[in-house]
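**Q** Below is the structure I would like to discuss, written out as structure tokens.
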Amino acid sequence: MDTAPPRTYNDSDIPEGMPAVSLSDEERTRQRRWTPLRVTIWILISAVAGLGWWMLAVRRGETVNGIWFVFAAIGSYFIGYRFYAKYIQDKLVHPDDSRATPAEYDYNGRDFAPTDRRILYGHHFAAIAGAGPLVGPVLSAQMGYLPSTIWIIVGVILAGAVQDYLVLVISMRRGGRSLGQMAKDELGRFGGIAALIATLTIMLIIVAILAMVVVNSLAASSWGVWSVGLTIPIALLMGFYLRYLRPGKVLEVSIIGIVLLVLAIASGAWIENTAVASALHLSKPFLAWAIIIYGFIAAVLPVWMLLAPRDYLSTFMKVGVIAMLAISIVIVRPVISVPAMTVYTTNGAGPVFSGKLFPFLFVTIACGALSGFHATISSGTTPKLIEKESQARLIGYGGMLMESFVAIMALVAALSVDRGIYFAMNSPAGATGNTVKSAVAYVNSLGLSGVHANANALTTTAKLVGETSIVSRTGGAPTLAVGLATIMHKIFGGEAMMSFWYHFAIMFEALFILTSVDAGTRVARFMLSDALGNFWPRLKTTRGKLAPG
């Protein structure tokens, strides 16, 4: 059902600095024209992707170079976005930029507000990219590199990004309705209310788990508390700057935000080595309450004021670090000694988690390949903010491709860690005894070819990253931090910088995940409004003061 009325304004009504409502027919024709240069570029992109896949999946030896993961991923993403997503857009979606979006015809300045596509892309990517693409691939590495790589890259192109894109379009065409509300429209009152309650419950559980991960990352981390905390006033400044001081000047506010973000991170690293650090070593209960209060505030304030600019700001950090890691992988070319497929794909008795390839690979790696959580975001905040229908492909499909690349980089980082150290870190304390000696004995008892743990490697690595022990540091996040430090220190600073990069990664993970917490809380507010609105209609109106928030 299409509820969107046609636009009623002209190009002259567009604020200065904002993109045009639609392209002219001449411009569309020019963009569709295949030139020799364009053909050559796509042949090269296809060759890069093909070479990467050949080296990973066909020409397999005892080791594989990390650079092929980067080539296979980037080349495949370009091809998928340009051809498959474009095919879906042209044959199924049929975007019409003359049709008004919910952000325009339901504009209220709080939840519904036309938002520049660059800021909205940053918000959407930051909202969907939580803990999943960081820790899922790390855990799945026990099965080998090939199953995870195929699922992350091929799965996202054919399924994950398609889901995000189409759910966004469907919600946008239905007035920005939530997933549960659309289910009610199709299933009727009883089935719809059940779907609303189910999706709200799932969202609350997801947000709680993500918040717990953030609390664990920030506990006793003065660097993380300081840098992540400063992103809030920086985001408020960006929101007011773009709203009142310099409307439409996205480039200006982006530069300001990046500079302030770099200063926040640099000052956090400096504070880590001062007397102030102890004051920022906050307890887990205190951090939990702080995140609850922040999530509430982010959920009820106008979206332009805090949520959208903070997610946009965080995207610079997320994309910047992942791009830096990808470039470092190309330069360092880490040798991966993990086999394409290990015995744990079939026997299901892995030390990291129990379960065979099917279905546990697809459960372990959801975000980064195909995630139902994304449908709640694509039918939550994003469809209420999008300016034009043609932008849905960039935001929905393109945002998911970026998250998939995050997952691939996390996988390579985990694969670059010595396998003996990997299993010692990710095996439960009940198996390792939580001591170096017993961990070495346990890992060596697994009888895996090419895997040999030794006490010196475990103690040396712990010392280099500034930890007393790395045994049974389960969950994936510490392993990712060690992997990132293992790659980055070879370019920036040598072994003396291992501890810096390790703690930088811990701070990065907290910042990375927090954006899903605040956006998820706001989406949960929409779901609550929809659910209660079935009993009191005024609670789900876009302009009603009684609506939650």
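For all residues, glycine too, the Cβ spot is worked out from N, Cα and C.
Note that TrEMBL annotation is computational and uncurated.
The domain 'CstA N-terminal' feature in TrEMBL is assigned to 65-543. The region 'Disordered' annotation in TrEMBL covers 1-27. What TrEMBL records for 37-55, 67-84, 119-138, 150-170, 190-214, 220-241, 253-271, 286-307, 319-336, 356-373, 394-417, 500-517 is transmembrane segment.
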**Q** Can you tell me which recorded stretch out of 119-138, 220-241, 319-336, 394-417, 500-517 has the most Cβ pairs within less than 8 Å of the transmembrane segment (67-84)?
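**A** Out of the listed stretches, 394-417 contacts the transmembrane segment (67-84) most.
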**Q** With pairs fewer than 6 apart in sequence excluded, do the transmembrane segment (190-214) and the transmembrane segment (319-336) have three or more C-beta pairs that lie under 8 Å?
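**A** They do not touch: fewer than three Cβ pairs between the two stretches lie under 8 Å.
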**Q** Looking at 150-170, 190-214, 220-241, 253-271, 394-417, which one has the highest count of Cβ pairs under 8 angstroms to the transmembrane segment (356-373)?
**A** 150-170
**Q** Take the transmembrane segment (286-307) and find every residue of the same chain, 6 or more past its ends, with a Cβ under 8 Å from one of its Cβ atoms.
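**A** For the transmembrane segment (286-307), the nonlocal Cβ contacts are 109-111, 113, 115, 123, 207, 211-212, 214-215, 218-219, 225, 232, 235-236, 239-240, 242-243, 381, 384-385, 514, 517-519, 521-522, 524-525, 549.
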**Q** Can you work out whether the transmembrane segment (253-271) touches the transmembrane segment (394-417), with the criterion being 3+ CB pairs under 8 Å where the paired residues are 6 or more apart along the chain?
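**A** Stretch pair does not touch.
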**Q** May I ask which of the stretches 37-55, 119-138, 150-170, 190-214, 500-517 has the most CB pairs under 8 A with the transmembrane segment (394-417)?
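**A** The listed stretch sharing the most Cβ pairs with the transmembrane segment (394-417) is 119-138.
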**Q** Examine the transmembrane segment (190-214) against the transmembrane segment (37-55) and state whether at least 3 Cβ pairs sit under 8 A, considering only residue pairs 6 or more apart.
**A** no
**Q** State the mean pLDDT for the domain 'CstA N-terminal' (65-543).
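**A** Summarising the domain 'CstA N-terminal' (65-543) by its mean pLDDT gives 89.
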**Q** Take the C-beta pairs under 8 A between the transmembrane segment (220-241) and each of 37-55, 119-138, 500-517. Which stretch has the highest count?
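**A** Stretch with the highest Cβ contact count: 500-517.
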